[in-house]
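Annotation comment: Swiss-Prot describes C60, C62, C75, C78 as Zn(2+) 1 binding site. Residues annotated as Mg(2+) binding site in Swiss-Prot: D450, D452, D454. Annotated Zn(2+) 2 binding site per Swiss-Prot: C818, C892, C899, C902, in sequence order, evidence recorded as sequence analysis.
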Amino acid sequence: MVDVNRFKSMQITLASPNKVRSWSYGEVKKPETINYRTLKPEREGLFDEVIFGPTKDWECACGKYKRIRYKGIVCDRCGVEVTRAKVRRERMGHIELKAPVSHIWYFKGIPSRMGLTLDMSPRALEEVIYFAAYVVIDPKDTPLEHKSIMTEREYRERLREYGAGSFVAKMGAEAIQDLLKQVDLEAEIAVLKEELKTASGQKRIKAVRRLDVLDAFYKSGNKPEWMVLNILPVIPPDLRPMVQLDGGRFAASDLNDLYRRVINRNNRLARLLELNAPGIIVQNEKRMLQEAVDALIDNGRRGRPITGPGSRPLKSLSHMLKGKQGRFRQNLLGKRVDFSGRSVIAVGPTLKMYQCGVPREMAIELFKPFVMREIVARDIVQNVKAAKRLVERGDERIWDILEEVIKEHPVLLNRAPTLHRLGIQAFEPVLIDGKALRLHPLVCEAYNADFDGDQMAIHVPLSEEAQAEARILMLAAEHILNPKDGKPVVTPSQDMVLGNYYLTMEEAGREGEGMIFKDMDEAVMALRNGYVHLHTRVGIATDSLNKPWTEDQKHKILITTVGKILFNAIMPEELPYLQEPTNANLTEGVPAKYFLESGQDIKEVIEQLEINVPFKKKNLGNIIAEIFKRFRTTETSALLDRLKNLGYHHSTLAGLTVGIADIPVVEDKAEIIEESHKRVEQITKQFRRGMITDDERYNAVTAEWRAAREKLEKRLVANQDPKNPIVMMMDSGARGNISNFSQLAGMRGLMAAPNGRIMELPILSNFREGLSVLEMFFSTHGARKGMTDTALKTADSGYLTRRLVDVAQDVIIREDDCGTDRGLLITSITEGKEMIESLEERLNGRYTKKTVKHPETGAVIIGPNELITEDKAREIVNAGVEEVTIRSVFTCNTRHGVCRHCYGINLATGDAVEVGEAVGTIAAQSIGEPGTQLTMRTFHTGGVASNTDITQGLPRVQEIFEARNPKGEAVITEVKGEVTAIEEDASTRTKKVFVKGQTGEGEYVVPFTARMKVEVGDQVSRGAALTEGSIQPKHLLAVRDVLSVETYLLAEVQKVYRSQGVEIGDKHIEVMVRQMIRKVRVMDPGDTDLLMGTLMDITDFTDANRDVVISGGVPATARPVLMGITKASLETNSFLSAASFQETTRVLTDAAIRGKKDHLLGLKENVIIGKIIPAGTGMARYRNLEPQAVNEVEIIDEVTELPDGFETEENIVLK
């Protein structure tokens, strides 16, 4: 076998008859499989050992030669070669067909490749191939047309008319083969090229298609007649196995049945030909042979599929490749792996961030070879076999060895569905008792895991390199930030939030208020002895707290609470003391009002201070982000563990419980509802008098009930007790929100009916009072819809992710700087008055293209090609700059990928992205993973203002990425100028908008009901929307440039996600949109050898033009093409990637005719052939490094952690 890592590329072509013979080890002549008495394969049958190799290792069929020493000998009695049985997976046979047979892929595919080559309609081809008509192959001197079709009757009449032998006409695949042999590719191509210069319309389209196929044959060196088979390959027997079941019966692959039919019919045809049987019988047999081969290659493609027992269609060769269960997706892209296990997960609150608990039984099985090696190395037993027995017996000595083996050996934990790269992370295993894996509570959010019965899989990286990569790149403590937006993904949740919230609460007048302590120990002692409470406001000497105080603050008394002293004790010393949950406190330090001036009375000062709100979930997130920015991963993960421990400890001490009495009831609820009832009555009266329409009445009623619910909500918030446990949970962000609270204590409000329309009758009760039977019934609609929506959404979102990954999987950071001379001008994204994404957010982590100057002073804020940090972005925006030209993925010149400068920082690390980062896959995951959080609905605007549906949520994202015609499409102008008039035409129920510009004027018809975006006198640019709604990107591309379309698509995707509260970095969407617009269609080939109408990559097009321009020729012209992600995936240069995505047979048919080469640039194609992927450390530039010895002495600070959680530094000298 060739070493898979030595491949440069992989090519697929049509197989010539000689090629098939060269693969074959012998002809299969009989349809038999195995002898039912001896269970040995039959000679010359489908499982013959002479052809395919021995069934047992190193043993011939008759048993004369056994053992490896006879390797390579062919037995003189039975003719079987002595070799491994594994060759039965690779040796092929063949069947010599007694009549040529057309290959169904090339005849039946769309478009029919045979039809285009011969310039015949698929209908005519079918009649000829299946013996319903004759085709003229050589008219000789008769007036018959070449390739004309005639029925049996017409044929006989012509024979009578012109005489026998006066012309040649045949039927069946043989006729087609003769015609294909006659095709002169060069001449046909020349004729078509001439024809294209004048042709137009349908004729032109057909000529372009035909030219495409003929050119493919010509360039690839494939011969058209190879589309008709004279010899049929038989795949190796172990790929179509036959196994004995318990009851002595056999289960065999369907392929054996299909091959058997072919052989039977082929043998019968041979006999009929020998006997000189009548023509009609031979024809019938040939037709049946053709149908049998069709069924073998692609059963069900033509006519009714051949069925097996229980009328189940048999699985043909094509079906073996297709779909989720096919070869590509089931076996090549998704293999099962050894050294893995799965179990239920349980919480491990005592673990460190980088640890996970592995049950002993699991660990011993997973690390068995490592343990066995160590047992032998220690001379406990002499050989591996004995070591294996020792492990399987569960000897006492193995446990200590296991402990040592797993030390420093990371394992990978994965939870399905793996929606983004944080779904697989590495941990150091810790042995535990029990049978459940233990998971650190903070990584749950990344995995989206909870402990209600979730299961996780565990994998062991084996090689040293794999362990090193797992430890350096995948350790859970490294994954602090979410790759989609660069915000921390490991924020404390639930109990941890609640504990820290309770700890940092303040209360006026608690015991011991105004006490002053010299240091933290004293405060803690007072707390333990009951002199003060956690929430008591006290004073403490600032110099006892190791914090970055100013000179002025150093020797003062700080007013804080005991809880906050404990909270700050776990924070890094360099961080300011956190007294109030504000950004100013976090970045600049404690405000002056909390310090006691000399001579002031502490109690008076405390009374004047307002009560601070405690630290909530989002404040903790901000603290973590700030710490990450300052200290990076090691310190952050240590802090997270301390936050977790503190949170759990204090939520346990707080002992929050919820009882029914904790749900307050709003006093004046009855009055609020009574008022609303009266208003609804007034609205109904207005409707009855005909003052308003039914739609207006419906909108007014639902708005009234919404207002009532909001009023109740406001009352609840105003009257809530900050120490109420439900309020604390809600306010801290630990669990629940105001909507849940108001359903418990206010009113449930309006519900949706099964058809999605909001019902006018609201549910007036809340859960505290209890619902009536009718209300209960109403509320079940909503609950049921919620469940079905979630289920549908999950599937939709998963499929979207799959398509996104497929289209961008080969986008990798390939170089440092592409040297582009273009940039992208960006501003903030807005929708009307609403800010969608600010300029500051968009600038952060990108490189500038041009110098940015202060608009007033003209001072340079940042030079060209420099990284914009968070602080720089803030400085630019604060200076009043409104637009900046940055380096963007849209304008990157790198082939097959992106360069570092156009991409910017890697959001997952906060540092500049590295060469080799698979940014395409990360982008796809970042857009797909939040897909489940988006809504499914298409909103009705209530039928009053407009009659268009506005698509939002997941359907809108799919609409954008598939480049579909949007629902509620906006009318756009092709003219730049002024809107001169808007006329209404009552007869056609339309409006006409007139735009006049310097280049001409445009008249646009818009529906009567559409909402106008422009007024008379407005200035509009090309491609501007005249009405509300979504612009169709393909129309926009026709009137504007590529960059405008890309910018529009980016903004549209951001609008959907941001409106649902999901933040995604621009660069991820840029990567995706760029993949949709990579291709151009050739309009005029000029002097290049490109074909008109061909779809090709923009880089290949530029290369072809460059060569022609250098030699002084006329360059080709082309126009950009916007493709949806599904189409873009299928049009990729890699046939392996496209075939494993969708439409497998079509992709392979096309690739074979073109003799396509796959250069293995993407990730999928390398996974398929089992080669290391060309991203990260798999890139060629990293694989081909030569290690070199360096003799310098290097001093490294090693950080080790002591049992008390504090760290020491030792200097280690490396020789």
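Cβ coordinates are placed from backbone N, Cα and C, and glycine is handled just like the others.
Structure coloured by features recorded in Swiss-Prot.
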residue : record                : DSSP (3 states)
C60     : Zn(2+) 1 binding site : coil
C78     : Zn(2+) 1 binding site : coil
D450    : Mg(2+) binding site   : coil
C818    : Zn(2+) 2 binding site : coil
C892    : Zn(2+) 2 binding site : coil
C899    : Zn(2+) 2 binding site : strand
Next on the checklist: Validating a neighbour-count step here. Other CB atoms within 10 A of the CB of C75 (Zn(2+) 1 binding site): how many?
Outcome noted: 20
Checklist outcome for this item: For C60 (Zn(2+) 1 binding site), the spatially nearest of the binding-site residues D450, D452, D454, C892, C899, using Cα atoms, is D454
Item to check | Chain-internal residues near C892 (Zn(2+) 2 binding site), provided their CB is under 8 angstroms and they sit 6+ positions away | outcome: C818, T820, V898, C899, C902, Y903, R1074
Item to check | Residue from C62, C75, C78 whose C-alpha is spatially nearest that of D452 (Mg(2+) binding site), among the binding-site residues | outcome: C62
Checklist entry - Given the binding-site residues D450, D452, D454, which one has the fewest other C-beta atoms within 10 angstroms of its C-beta? => result D452
Checklist entry - Which residues, in sequence order, are found in the same chain with Cβ within 8 Å of the centroid defined by the Cβ atoms of C60, C62, C75, C78 at the Zn(2+) 1 site, excluding those residues themselves? => result A61, G63, K64, Y65, D76, R77, G79, V80
Checklist entry - Among the binding-site residues listed here, C60, C62, C78, C818, C902, which has the most company in the form of other Cβ atoms within 10 Å of its Cβ? => result C902
Next on the checklist: Cα-Cα, whole number of Å: D450 (Mg(2+) binding site) versus C62 (Zn(2+) 1 binding site)?
Outcome noted: 60
Item to check | Candidate nearest D454 (Mg(2+) binding site) in space, where candidates are the binding-site residues C62, C75, C78 and distance is Cα-Cα | outcome: C62
Checklist entry - Excluding C818, C892, C899, C902, which residues of the same chain place their Cβ within 8 Å of the centroid of the Cβ atoms of the recorded Zn(2+) 2 site? => result E815, D817, T820, R887, V889, T891, N893, T894, V898, R900, H901, Y903
Checklist outcome for this item: Within 8 Å of the Cβ centroid of D450, D452, D454, the other same-chain residues by Cβ around the recorded Mg(2+) site are I345, A449, F451, G453
Next on the checklist: Around the C-beta of C899 (Zn(2+) 2 binding site), how many further C-beta atoms are within 10 angstroms, looking at every protein chain?
Outcome noted: 22
